[in-house]
Amino acid sequence: MSDALINGVAGAGGGIIAQLITYPLLTVNTRQQTERDPSRSAAGDGAVRQILEVVKQEGWGRLYGGLAPSLVGTAASQGIYYYFYQIFRDGAESSAQDRWRKGIGDGSVGMFQSLVVAALAGCVNVLLTNPIWVVVTRMQTHKKTSNGPPIHALSCLREEAVNLAVVEHQPCRTSDVVQELYNEAGLWGFWKGVVPTLIMVSNPSIQFMLYETLIKKVKRRRALNTKGAEGFTALEIFLLGAVAKLGATVVTYPMLVAKARLQVKQGLHDDKRRQYTENIFGGVSNLRPNFPLDFVGKPIGTYDAITKMIHYEGLSGLYKGMGTKIVQGVFAAAVLFMVKEELVKAARVLVTRELRPINNSRLKTPS
């Protein structure tokens, strides 16, 4: 079994476990990011308060809205990312060894090469899995709404008084969201927010660069000459993964908010602060269906979202829900790294045990 396949499967397993543990925080964080009322920014950023409000008004199940496609997305994302990361990493290491034989470099992969490897793997992952995450974002932000004027399709941005009775106007099943996205924009609708998502590729790049840099520094201090994270305890991997994720999150968070804003449903009667143009023609909104330029992810969409957030909500709008994201992201990444490394170790042990009897049988001389 190749290292790429082992890392891909282990990454998928670690991602699923981390997702299950932290999903309620992820749901609340997505709602915080897409909250566009400046007057609610201070009160709406409390994760515990918002969790309790969701449970009271919509039930426990709403904290796990979109869990099924999210687990599929997590498994696919982690598996694809780690698989291609290992392939690109092996290529970088082979290239570094070739240069070393020619007297260039020390034979190891440097920080810049690690960044490029992670970025390439991240781009492949984003392009293949973005449709899943658009569906998940829609389902996480779907709310039971108060009695009042009729709503249109899935109501993701309603802001009526919470004291009114809440009712479910339309179920929020995966099939409903898929059909809604297709009706809005055809296949292009599944790649909404792809530009800020691609920009956010720098997040795992920074995360893995920091992680591997920390691993190397610890190895040097301990004079270890092992492969990967061998020789480290699960707790050490947990802490190193947490520190790496924290640094990456602080740098790239505004792009995460912009991505969520572009992916949620924009109501027909929302005011201009809720409308983001997603094409190069300023007068054409993304509410016109079957118009490909609305959904190809032109940079104007990301630019429009960021400038409107700053104008209507201030700089703090770029960091809505960041506290929740740091807690969720750091803990999820730490669990992911810990579980992944343990699964990789277990897989290598199993492969070694399977090969040992075969090798022993080959060494036996015929009688």
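Along the chain as shown, residues are numbered 1 onward.
Cβ from N, Cα, C; glycine included.
What TrEMBL annotates here:
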{"type": "REPEAT", "residues": "2-91", "note": "repeat 'Solcar'"}
{"type": "REPEAT", "residues": "109-217", "note": "repeat 'Solcar'"}
{"type": "REPEAT", "residues": "232-346", "note": "repeat 'Solcar'"}
{"type": "TRANSMEM", "residues": "6-26", "note": "transmembrane segment"}
{"type": "TRANSMEM", "residues": "109-128", "note": "transmembrane segment"}
{"type": "TRANSMEM", "residues": "232-256", "note": "transmembrane segment"}
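Residues 33, 196-197, 199-200, 202-204, 206-208, 210-211, 214-215, 218, 302, 306, 318-319, 322, 325-326, 329-338, 341-342 of the same chain, all 6+ positions outside the transmembrane segment (232-256), place their C-beta atoms under 8 angstroms from a C-beta of that stretch. Distant neighbours of the transmembrane segment (109-128): 76-77, 80-82, 84-85, 88-89, 92-93, 96, 194, 197-198, 201-202, 204-209, 212-213; these residues of the same chain sit at least 6 beyond its ends, with a Cβ under 8 Å from one of its Cβ atoms.
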